[in-house]
Structures are given as C-alpha cells and as structure tokens.
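> Can you keep this structure in mind? I'll have questions shortly.
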Amino acid sequence: MLDKLGQNLSEALNKIKNATFVDKKLVKEVIKDIQKALIQSDVNVKLVFNMSKEIERKAIEEAPPKGLSKKEHIVKIVYDELVKLLGETIQKLELDASKKSVILLIGIQGSGKTTSAAKLARYIQKKGLRPGLIAADVYRPAAYQQLKQLSEKINVPLFGDETRTKTPVDITKEGMEKLKKVDVIIIDTAGRHKEEEGLLAEMKEMKDLTNPNEIILVIDGTLGQQAKNQAKAFKDSVSEIGSILVTKLDGSAKGGGALSAVAEINAPIKFIGTGEGVDNLEQFDPKKFISRILGFGDLDSLLEKTEDIMDESAEESIDSILKGKFTLIELYAQLETISKMGPMKQILSMIPGMGGNMPKEAAQLTEDKLKRYKIMMDSMTMEEKENPELIKTSRLQRIARGAGVKPEEIKDLLKYYSTTKNAFGNLKRGKMPKMGGQMGQIMRQLMYKD
C-alpha cells in the first residue's frame, strides 16, 4: 500500500533529520533506503537510479539556500525529485460552464471504469455543474445495474439500455438527446484490450459521434509499472487521449510504480482514485501527493474536504462551539463530520506530522473508536448529552449496558470529551492547539488503546 511507501520514505528521511552530523556516507545510506522503498513500490529501476544520482549530486555539491539548514535542504531535494518523478505540474480538467461538455471514459475491463464514471460525476457535481451519465457498456452484464445504483446514490441522471439489445453507438446517440439539460455528459464505454480491433473501431465511431471534450483513460493502479505499456498502447491506438485516471491507489503496493510509469510517457494524470466511495476521487497534484506520503501533510486538501461535507447541522454545531457551548451534542456532530470525510488514514495523512509514520492499525483503531463513541452517545438521554457531568456511576453503568460496552469505555469517551472541550476553549480564546499539546493528546486518545 502507498502508506507503506510513505512509512519507508519517512524513515529514510528521519535518518537525516535525527543525525547530529550529515556526511557523504549518511547521504548514500539514506539514498539506498529511498531506492529500496521505491523499487518495492514497483517504480522502474532505471528511473529510481537516475533520481538517486541527482539526489546524491545535489545533496553533496549544492550549498543550502539562505534560511535552510543542510538537513532541511537535503529533505527538500528528495521531495523535489520525487515530485519530478510524478510529473510535477497539476493537469486540471477544463470544463466550459457556458456549453455542454462530453467526457468519454475508456479502459480495460476491471480497471474500475464504471465506478470512476460515477466518481467523476460526483466530482463535477461538487463543482456546481450538472452531470449526466450514459451506460454504453453492453458487454459486461452488471455494468448498467452498477452505474444505475451509483447514479441514484448521487442523484445524477442516467441513460442506458437495461435489456442490452441496443448497440453502444445507438445508446450513446439516444443518451445525448435525452440528457439535453445537463452540463457535462460522461460516457462509460465497454472495457477493452488493445488487440480487440472491433471494440477499438466501435470506440472510434463513438468518438466521432460525440466529439468529446476529453477522453480519459482509466488505469488500474495495482498494475504498477505495467501501467506504462497499457497507457502507451491506448495512446498509440487513440491518439487523442486527453488524460489518465489511476484507480485503486488506496489498496495497492504498486501505486507509486503506476503513477511514475504513466508520468514517464507524458500522459497527464488528472485524477486518482483513493477509495471505494463516490467521493474518493481527487485531482492529482504531485506536490500535495508527495507531501502527504512523506508525512508533511496537505492542509489545503483537508480544508477543501471539510468544506465539501459541512452541512447546516455541522455549521450550527461550530457556531455553538465558538460561542462557548460544547456539550456531547456538539461532540457527536463533530464526529459525524469526521466520519463523512473518508477513511481515517487519508484524513490523518493531510495533517502535518501524522501521515508518513502512522501505523495502519492506529488509523483503524481511530475509525473503530469514533464509531463506538457515537454508539455510546446514542445510548444517552438528551439531558445527559447536554450535561455530561450528570453521568455518574449508576447512569454510567446504564449507558454502558445500552451500548454493549464496558463502563471503562464510557469513562474513556468522557475523558475524550473533556480534552476536546478544553482544546476548543483555548481556540475560542485565540490559542491554536499544537500537535504536541492538546491536539496531540486528542489524536493520541483516539489512535491508541489505553
């Protein structure tokens, strides 16, 4: 998994950060660790060694710029070279809100294309545009049903042929007519292989029919550096591929290899799939991506994610907190907001110092604890939620029985509530909680067993 890559790279860089003296021998040792981490993530050996030479040359020959120590300069060199490995610049999906856009999704069967179609629709929806979906894959029996379920979940119109008696070209033609009121049409085409000439000819016909603004190739991140061959084959067959969407990065040990391989052939990666949910699609930003992997965090993305899921009740809760009111009702609302943000590992990776070295078990424990805390609060009366100080021995035992937990776990929740309340109290007084202080205490209590 990519968190394993992040952990290995962070451990390598920590040798620099924790060293009393940085010499050529230490630089070479750290570079060997970086090489091992990247090769284990299936990054091409030649790319790794070329990058290593550049890191070594700059680390030994370059003087640190003003304001940076030697250690900081070497860490920055590694960061810059890793970013370069993944393509450096952000490739944005450009859509003109004043006219209808068409996106054609292509890729090999099993790459996650149908799920990606729904994720892309959700992404566009969050940008304030109205997406529509066309299910043009008549070859895979479950394709229409899968896209139907996903489209209903995100409230996006779908056109397709459940009977699978029409051709993909006819379905697309009818769908273009039916979806006149949407801003962006996303077409999920049949999965294919480069040797299937008939399917490639059909795709060309669909391309001519729809005149798409963008053709997005969906590639399975678990392929590792083999993704290069697949991307190149499609690029040669369909010369107008606009961009790449790499899926399944959350569960692949070869994700780094897939990303670097695609970047190597200058095929712009615009999106990455980071989980199974419809909201788990991100615009690919090499700098933010490497920053999160190395444990430097990505506060911009964290804020964006928070804004995306903030509803009226969450905003009311924050208003109450800022006015000095923080009961278990406000805590419950905050836990609900965190739950909607996605996998805990992903959220914590956006917080500086939390991502690169955090064990997977700790993230899982955090997620489990959040769920259990909510179950415990569901067993409380409204009076108890508004006045947690009322929860003494008899009430505590009743709540524990109702939630199916031990009384000690209710005490753990109340301790967490107290810590969080104090932190918010300081925030209200203009003091920013530090990761090593109260904020660290909050995160540690969630992440580790007592």
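Cβ coordinates come from backbone N, Cα and C, glycine included.
According to Swiss-Prot, the feature GTP binding site maps to 107-114, 188-192, 247-250.
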> At a 10 Å cut-off from the C-beta of THR189 (GTP binding site), count the other C-beta atoms across all protein chains.
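27, counting other Cβ atoms within 10 Å of THR189 (GTP binding site).
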> Taking the Cβ of GLY107 (GTP binding site) as the centre, how many other Cβ atoms fall within a 10 Å radius?
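Result for GLY107 (GTP binding site): 25 other Cβ atoms within 10 Å.
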> Quick one: among the binding-site residues GLY110, LEU249, which has the most Cβ atoms sitting within 10 Å of its own Cβ?
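Ranked by Cβ atoms within 10 Å, first place goes to LEU249.
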> Non-local Cβ contacts of LYS113 (GTP binding site) (under 8 Å, 6 or more apart, same chain)?
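Those within reach of LYS113 (GTP binding site), by Cβ under 8 Å and sequence separation of 6 or more, are LEU105, ILE106, GLY107, ASP137, ASP188, THR189, GLY191, VAL218.
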> Please report the DSSP secondary structure of LYS113 (GTP binding site), reduced to three states.
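Going by the DSSP assignment, LYS113 (GTP binding site) falls within a helical segment, counted as helix.
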> Please report the DSSP secondary structure of GLY107 (GTP binding site), reduced to three states.
strand
